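Participant: TrEMBL feature annotations, pasted as is:
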{"type": "ACT_SITE", "residues": "9", "note": "active site, nucleophile"}
{"type": "BINDING", "residues": "9, 11, 175", "note": "Mg(2+) binding site"}
{"type": "ACT_SITE", "residues": "11", "note": "active site, proton donor"}
{"type": "BINDING", "residues": "20, 95", "note": "substrate binding site"}
């Protein structure tokens with residue numbers, strides 16, 4: 001059935017908050033975070049914050065418990081499960097980190113719905129401290145996109161998926177500044193779902209002529225579910241009709257090649 005790739009951003013798309021800010025705030029490190037924020041890239045800052053929290057005696061279990069109570073709209077999980085059940089290939093592209101994302105998705109029971117998670121690496125070292133690394137090593141081999149942060153270009157990831165999946169149609173859901181670049185990579189047969197009144201939505205509206213894909217905004221999980229499933233069903237109907245037309249053309253050519261005549265129309269009396 002569905003030859004559709006559905007790509008989700010994570011923060012403020014699948015969950016209602018920024019997972020980095022959520023962990024920092026819930027573990028009482030907001031002031032230090034704000035103090036250090038002007039001094040280094042966000043991704044490097046989160047690695048530093050995990051060091052500070054570890055020094056303060058916060059454990060991996062403390063972080064996991066905070067992540068498990070992250071706010072999420074009640075229709076998001078059903079939407080993801082429905083899209084997966086319809087045969088879509090679901091993926092995540094996020095500037096969070098793999099430890100945060102996988103902890104939350106496993107807790108929600110939907111990790112297996114996703115074939116791929118593209119995000120910043122994260123692991124627990126021998127001392128029990130969470131380390132967070134950049135998706136792209138911008139010190140050694142920076143990407144060339146001036147729309148995206150130094151550690152990740154989501155547009156490049158979308159292009160890689162397109163190169164591998166060929167003509168499969170894509171639906172992209174996101175909210176942030178970093179979701180504008182991948183929106184520009186989508187094709188006319190694709191769809192982008194920016195969250196209304198968030199940075200990606202603002203940028204798309206200001207640069208509508210640059211976006212080839214169909215655009216449909218959403219405001220909450222209920223709207224996300226309705227619009228996403230509607231588009232999946234629309235694409236499935238269109239693909240089925242196209243396949244039927246191609247089969248008819250093939251049958252006509254086959255009959256012509258083998259001398260078969262079309263069935264005559266009945267003669268009216």
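Glycine is treated like the rest: Cβ placed from N, Cα and C.
In TrEMBL, annotation is done automatically, which means it is predicted and not curated.
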Participant: Taking the center of the Cβ atoms of 9, 11, 175 at the recorded Mg(2+) site, which other residues in this chain have a Cβ no more than 8 Å from that point?
Facilitator: 10, 12, 13, 14, 18, 94, 174, 176, 179, 195, 198
Participant: Compared by Cα position, which of the recorded positions 9, 20, 95 is the closest one to residue 175 (Mg(2+) binding site)?
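Facilitator: Its closest listed neighbour, by Cα, is 9.
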Participant: Excluding near sequence neighbours, so keeping only residues 6 or more apart in the same chain, what lies with its CB under 8 A of residue 11 (Mg(2+) binding site)?
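Facilitator: Listed in sequence order: 17, 18, 19, 20, 94, 95, 96, 175, 176.
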Participant: What is the Cβ neighbour count of residue 95 (substrate binding site) at a 10 Å cut-off, with all protein chains included?
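Facilitator: Around residue 95 (substrate binding site), other Cβ atoms within 10 Å: 27.
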Participant: What is the total of other Cβ atoms whose distance to the Cβ of the residue listed as 'active site, nucleophile' is within 10 Å?
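Facilitator: Counting Cβ neighbours of the residue listed as 'active site, nucleophile' within 10 Å gives 25.
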